[in-house]
Every structure is written in C-alpha cells, then in structure tokens.
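The next block holds one structure in the form of structure tokens; read it before the comments.
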C-alpha cells in the first residue's frame, strides 16, 4: 500500500512538474487559464508520445480533438447560416435576416490553428462570426482553407486569396447585398498571417477592382525569419502555446522534414541568400524599447538547413518580409497583441513597419493577454479575456467599417 501511494505521489509530481506553468501576477482567472494550459500541454504530450510510438502523427491526434468541436450551420432568428463554397473553397456564410435599406458591411474571417488545425465550424469561431454578423448587421464569411501538412504553403494562401477575389466580384457583392467600399479582412494567429498576406496581395493587384477598407489582425504570426525574438525567449514555455509547438506547426506549413524545426530551434534555418531580409524583422530596431528590455540582438545564422525552402523567403508565407513599397498601399489596420504570447513581437514589429510607411494603424496591447484567447469564448472553456477581446474587435469594427 505504501509503495502504491509512493508511486502515485511520484507520478503526480512528474505530471505537475511537466505541465505546470507559473501564471503571471496580472492574469485574470488564473486558475482557469492554468487548467486550460495543462489540458493543452497534456494533449501535446500525448500527441508527441503517439507520434514517437508510431501510432499516429502529432497533427493527426490534435486534429481529431479539434474536430470534436465542429458545429453544424444552424440558423437562428437573426442570422441565416449556410455552408457553401467559393470556387471550391469551403466557407461558412452568415447573412442577417432583417431587411436593410442600404448595402451591408462585410467581414471575411480567417481562423487560427497554426495552419494545421481548425475550421470556421469550430464552436468559438462560429460564435464569433455569428456575433459579428448580428451586432454589425453585416455579411460575414468564414474561410476554410486547406490545412497542413496534407497541403503545404502556398495552398492556404492561394485558397484565401481565391475566396476573397471571388467575394469581391461585382455579381457576388450584389447577390449578398454588400457595399464594396465597406469590406474588412480579419484573422487571428495563423489566420492573421493569411489575412495579412491576402490583404497585401489584393491591395497591390491592379486587376482587382474592389479593394479592402481595413484589415484586423488579432495576435498574428507574421514571420519565422528570426526564431529568437524577445517574446520567444520570455514565452518559451508559455501559456497554451510554447516556442517548440509554434516552431513545429510553422514547420509543417512548409514541410514534414524534421530538419527544419531542428534548425529553427537553433535560429539557423534561413538560406544563405536571405541576409537582405533581416532588416524587415530586426527587432532591435522595430520593437519599442519597452519590449526590447535588456535582450541582446544576434543575427540569425544562415545556412543551417542543408536545403533551401522557397517559402522561407516568400512574403506570401511570412508577410512581415514584404518590402516598404508593398506596405504603402495597405488600408486602415487594427492590430491586437497579447503580452504573454510567443507571437507578440510579430504584431508589434508590423505596427512599426506600417507606421513607418504612413499606413494608419490602431494598436491595442492586452497586458494580461494570452495567445488563442478567442478560442475560449464558449462553455465549458470560456474566459472573460476571450469575451473582452471579442468586444474590442467587434466594437472597433462597428465604429470604423
């Protein structure tokens, strides 16, 4: 009996030491976030064990969990919800039922999920897009782009761009009663990456008649050129999203080859011919001093990967690499960043770069924010933080779109 109790106690100690992440003092609902973080890390640990044992790949296990949260397109008394396709790309469409004397505003939303997981059908994103459509009396489109690693870059970008270009066609805007001068592209996390890249493409393409009025980027991931930013160091073992998990997911966006994440962890993955791109992600210049702190900037080491991946130097994959001339044509931009987020500095640097070329930017920084907070807006995992970010997002859209 004593031995069993000792073994159980030892297992508990191992579990707590492996999955416990100390909570910052300013975190709201810290006990709930601690539980959610433990669940996320337990799922990651289980997925990695299964992968190492050859049972199933990491992303297959996590995707299986995500799919349990998918919803059906249920309409209500205010919104008609349908699953349809835009040029073979699945989308979930939200159309207000009340009559409108004028054409409506529209929001195109790209969900997060590390390029590998998720869908607009997820409970949280369905809730967010439904809320947006009802509150703004707007047409909302949730885009279900193809996922990695079954489909590598540029499949996700191509799907996003094709869906947006289709929606911007005159006949489609007329069909859904949308005002072509009041369209926004939004996204969170990896969806923020796609929203950024697609907006850059649309605004700089002379053949696209209708342009985007604004873009909204919620804790976006915009680069991996430098994988050792201050936010990567501070949140290496961060809440919900760790540096290792972020690197694994973005690696799968490009390839299944394990050499890439190994090189990324050492910050040695960029090809020899990419040095000219470092100025676009030089955090020692682009980050506000508050976030640079006492960290010392070290340029990434080139050539640590034995082969070259074109996506690593492509601004369609890593939109922070876009040059200034590509940024000058961008619309009004809202960027939200979270303090306790491994991706925090991507958004902060993009704020600086956009302002440097004269783009109007509104930036909100959530001091007690964590990555993926919008995924926690529905029972049983709702956080007040997620609802607060939802309200900030929708309120800003209402005032500006």
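Backbone N, Cα and C define each Cβ position, glycine as well.
What TrEMBL records for 1-18 is signal peptide.
The annotation domain 'Alpha/beta hydrolase fold-3' is assigned in TrEMBL to 107-257 (among others).
Residues annotated as active site in TrEMBL: 189 (among others).
Residues of the domain 'Alpha/beta hydrolase fold-3' (311-373) grouped by DSSP class, helix first, strand second and coil last, total 24 helix, 19 strand, 20 coil. What TrEMBL lists as domain 'Alpha/beta hydrolase fold-3' is 311-373 (among others).
Residues or ranges marked as active site by TrEMBL: 341 (among others). Residue 341 (active site) has a Cβ environment of 27 other Cβ atoms inside 10 Å.
If you look up TrEMBL, you'll see 371 (among others) marked as active site. For residue 371 (active site), the count of additional Cβ atoms within 10 Å of its Cβ stands at 26 [all protein chains shown].
For residue 189 (active site), the number of other Cβ atoms no farther than 10 Å from its own Cβ, over all displayed protein chains, is 28. Note: the CA-CA distance between residue 341 (active site) and residue 189 (active site) rounds to 10 Å. Note on the domain 'Alpha/beta hydrolase fold-3' (107-257): its mean pLDDT in the predicted model is 98. Geometry remark: residue 371 (active site) versus residue 189 (active site), CA distance 8 Å.
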